[in-house]
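Q: According to TrEMBL, the FAD binding site annotation covers Tyr218, 230-234, Tyr269, 272-279. Residues or ranges marked as domain 'Photolyase/cryptochrome alpha/beta' in TrEMBL: 2-131. The site 'Electron transfer via tryptophanyl radical' annotation in TrEMBL covers Trp303, Trp356, Trp379.
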Amino acid sequence: MKRTLHWFRRDLRLHDNTALRQAVDSAEEVIPVYVISEWKGEHRWTGPNRQEFLCQSLAELAERIEQAGGRLIFRQGNAVRELALLVKETKAEAVYFNRDPDPFGREVEEELVRVGAAQGFEVRACKDACLHERDEVLTGSSEPYRVFTPYSRAWAKLPKDKPVARVSKLRTPGGIRSESVPTLETWRIALDAQVIAGGEDAARKRMAALVASGLASYGAVRDRLDLSGTSRLSQDLRYGLISIRELFGRCREKMETLPATQRDNAAKYVGELIWREFYQQILWHYPEVLEDSFNPKFRGMRWKSDPAAFDRWCAGETGFPVVDAAMRQLAQTGFMHNRARMITAMFLTKDLHIDWREGEAYFMRQLTDGEIASNNGGWQWSAGTGADAAPYFRIQNPWTQSARFDPDAAYIKQWVPELRDLPAEKLHVAPASGLPIALGYPAPMIDHATEREWTLQMFAKHQGATALR
Ligand SMILES: Cc1cc2nc3c(=O)[nH]c(=O)nc-3n(C[C@H](O)[C@H](O)[C@H](O)COP(=O)(O)OP(=O)(O)OC[C@H]3O[C@@H](n4cnc5c(N)ncnc54)[C@H](O)[C@@H]3O)c2cc1C
């Protein structure tokens, strides 16, 4: 081919990029393009933290492409319309891209295929965002798995693709119109949080640190809120700043060098990567999870809507130190530790009885790694309504969770400075009824034991009512 487009989406890297590699190998000239979304100001699922991370990553990608001899073209608007226009303007013969695992991305891809067929350009889609796509891991009767453990066993048995070579050279024809690299100004939004550094270089450093040291202890420390025991790679996987093939390959190589206990710790990490793909295939096969419970038994549950309580939860003003620390960490950094995500999600659903969909949307607006499959999976897991979820009657107690996973209260004290001078033991026990733990800090907004009972009854009543129907 003389000329092709590569449409960048959730694959903002030059290392091991399947579709980009194929585009470069099959055409003399490649036009790399990113289509900036059109939304203005407010969006139920998006916010400044993720957009900032995206902008930083795009700026670096544009630089790296220039160093390789090409030019990243930015267009803004409807992706299919902009790509079709660009194909026409540049007389390109094909559009390459890596498939998006979520239903919104897929809709756009299907539309692009239709327009390509009508206008006479080729559309080539590649697998890239995961090791195994939706229909690769099925039960013996060709059904999708609904439970994690058998899914993960089947997943682990399949052969894995190897990384492809980094794109170090590409030629882009001159004279193509481009918008400038987007900034938050593009959407007229402003940043309140201090988000993790974007771009492929920073992501690769995080991956290298994981492989060099974090992996060997991961399983032992991953749940500790007060330690930096996790990889912090979720936003990098979300935006494709690192490839899952390379990450998995490097983990596997490293595991072979580790003694048994450390190998088990590292295997726990690989298990988390499998959860990511488990939720991706759940969303693919059951897109209705975005609207309602995965588990049909719990559809139509009467969750509460309580704006005042919801606002206190968002602001980290619940009077439960570990919940408040986590919610403030989220607001200030666009990140929250996995254990804290479970604690806060259970608190919203099981202690405040607020609809998990409200928490899901808030997390999507705040999280730099916000990704609809994992986020929906995590929320439904916590609410007890999801695929292989925590059973509804297993309700975490925020007080014992913090004693267990933040024993010295270092995490609490980092994010809730009002509590800095108190001994840790005081922060893991409910204060006497109605009283705050410290002056200037709110009293707990509910009593956990009472609300736990309420939740058990809510689930039992719902199941009783549906059984009678
Ligand atoms: C309520 C809730 C909401 C969540 N929302 C998201 C989200 O929007 N985006 C997101 O990437 N993860 C989400 N998770 C999963 C998990 O909390 C984050 O992936 C993790 O905290 C990211 O930090 P890390 O990269 O240091 O994770 P590590 O512990 O180092 O894990 C390694 C990688 O495995 C994947 N992973 C880890 N845990 C899970 C999990 N439970 N489900 C799916 N993938 C996982 C991530 O890609 C992560 O980067 C959510 C979990 C819960 C309980």
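First residue shown is number 1, and so on along the chain.
Placement of Cβ uses the backbone N, Cα and C atoms for every residue, glycine included.
No curator has checked TrEMBL annotations; they are predicted automatically.
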Q: Same chain only, sequence gap of 6 or more: which residues have a CB within under 8 Å of the CB of Trp379 (site 'Electron transfer via tryptophanyl radical')?
A: Ala345, Trp356, Arg357, Gly359, Glu360, Phe363, Gly386
Q: Could you tell me which of the recorded positions Tyr218, Ser231, Trp356 have their C-beta within a distance under 6 angstroms of some atom of ligand 1?
A: Ser231
Q: Expressed to the nearest Å, what is the distance separating Leu273 (FAD binding site) and Trp303 (site 'Electron transfer via tryptophanyl radical') at their Cα atoms?
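A: Cα-Cα distance, Leu273 (FAD binding site) to Trp303 (site 'Electron transfer via tryptophanyl radical'): 31 Å.
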Q: How does the domain 'Photolyase/cryptochrome alpha/beta' (2-131) divide up by DSSP, counting helix, then strand, then coil residues?
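A: Result for the domain 'Photolyase/cryptochrome alpha/beta' (2-131), in helix, strand, coil order: 58 helix, 30 strand, 42 coil.
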Q: What is the separation, in Å, between the Cα atoms of Glu277 (FAD binding site) and Trp303 (site 'Electron transfer via tryptophanyl radical')?
A: 29
Q: Compute the C-alpha separation of Tyr218 (FAD binding site) from Trp303 (site 'Electron transfer via tryptophanyl radical'), stating it in Å without decimals.
A: 36
Q: Rank the recorded positions Trp275, Trp356 by the number of other Cβ atoms within 10 Å of each Cβ, and give the residue at the low end.
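A: Candidates: the recorded positions Trp275, Trp356. Fewest Cβ atoms within 10 Å: Trp275.
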Q: What is the interatomic distance between the Cα atoms of Trp275 (FAD binding site) and Trp303 (site 'Electron transfer via tryptophanyl radical'), given in whole Å?
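A: A Cα-Cα distance of 27 Å.
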